[in-house]
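Quick look at what TrEMBL lists:
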type: BINDING; residues: G49, K50, G51, G52, V53, G54, K55, S56; note: ATP binding site
type: REGION; residues: 1-33; note: region 'Disordered'
Amino acid sequence: MSKEFISTEDVAKTNPNEAKGKEEKTKSKSPIGTVNLDGVKNKIMIMSGKGGVGKSTIAAYLASSLAKRGYRVGLLDSDIHGPSIPKMFGLENKKPEVDEKGIVPVPVSENLKVMSIAFLLEGEDFPVIWRGPAKMGAIKQFLQEVSWGVLDFLIIDLPPGTGDEPLSIAQLISDFDGAIVVTTPQDVALTSVRKSINFLDLVDVPVIGLVENMSGVICPSCGDEIEVFGGGGVEKAASDFGISVLAELPIEPQVSQKADTGATYSYEGNESEWDRRFSNVVDSIEKLENNTKNDGN
Ligand SMILES: Nc1ncnc2c1ncn2[C@@H]1O[C@H](COP(=O)(O)OP(=O)(O)O)[C@@H](O)[C@H]1O
Ligand SMILES: [Mg+2]
Ligand SMILES: [Zn+2]
């Protein structure tokens, strides 16, 4: 019997190596169907084993950077319980307009637009329906009605963790082109990375790579890096699972200040270590689009 839903337990139990060998996997589409995102060329998931690791920050700066490189970019905040993307772009009081094609994402620049489940919420409270069993149906309907138009990249900030909610949303959106797994040095223990990789295996999303965030502090006087929690964890986890490390990002006060004051898009960069390393994350996503072009698609 094939399973309709995959659950948190499946994520904890499954061994990714075993699962890979099986012809028939437990992975499945959502029983309530999937969201149609036909005009989107590359759907990229940003996920993490837990909250507070910088997932939204990375999603927001990645979307901004790709837009500044000239791509048509959408940023979808699907974190129902901690939607933070609108605030990072100073859009928290915006209500998206609705036209004949559907819900219009809120523009940040000419080629960057944002949609957040937060735009649906009145104040900080959820409509009652969103707590009940109809929640996923309501989310699906909302996501289905967003008119993204043609996009080179849709960056999706998933709810944190590997529980039922991120699973349901990942199943609803489906057909991701890849995922970036965000960790911090404290969170980079093998069990946490394994959970994320099992999660991605179950929803059939390829891992693009790991980003270790807030991995250290760059000394402002000499430029040396102070590894506050000791280094090496992320490389070990990555090599154990045969995946790559896209970046080990230091703590960069400017990055959080801009984000916290709604000025993410106006961050210019200052050729800091953070900028240099983050550009590697952007490059690895940009490559997906260039590969698609070379395939003639
Ligand atoms: N590399 C970084 N340097 C400095 N502050 C950061 C960095 N990454 C994230 N932050 C800050 O840490 C906090 C949590 O980040 P956030 O992206 O909201 O995490 P998540 O989405 O995983 O819950 C935010 O205040 C953010 O500005
Ligand atoms: Mg977040
Ligand atoms: Zn120093």
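Backbone N, Cα and C atoms are what each Cβ position is placed from, and that goes for glycine too.
Automatic prediction, not curation, is the source of TrEMBL annotations.
Of all Cβ atoms in the protein chains displayed, 24 besides its own lie within 10 Å of the Cβ of G54 (ATP binding site). Its Cβ placed at the centre, G49 (ATP binding site) has 23 other Cβ atoms within 10 Å. Taking the binding-site residues K50, K55 in turn and counting surrounding C-beta atoms within 10 angstroms, the largest count is reached at K55. In this structure, G51, G54 are the binding-site residues from G49, K50, G51, G54 whose C-beta falls under 6 Å of some atom of ligand 1. In this structure, none of the binding-site residues K50, G54, K55 sits close to ligand 3 with a C-beta under 6 angstroms from any of its atoms.
Residues S48, P160, V182, T184, D187 surround the recorded ATP site, their Cβ atoms falling within 8 Å of the Cβ centroid of G49, K50, G51, G52, V53, G54, K55, S56, which are themselves excluded.
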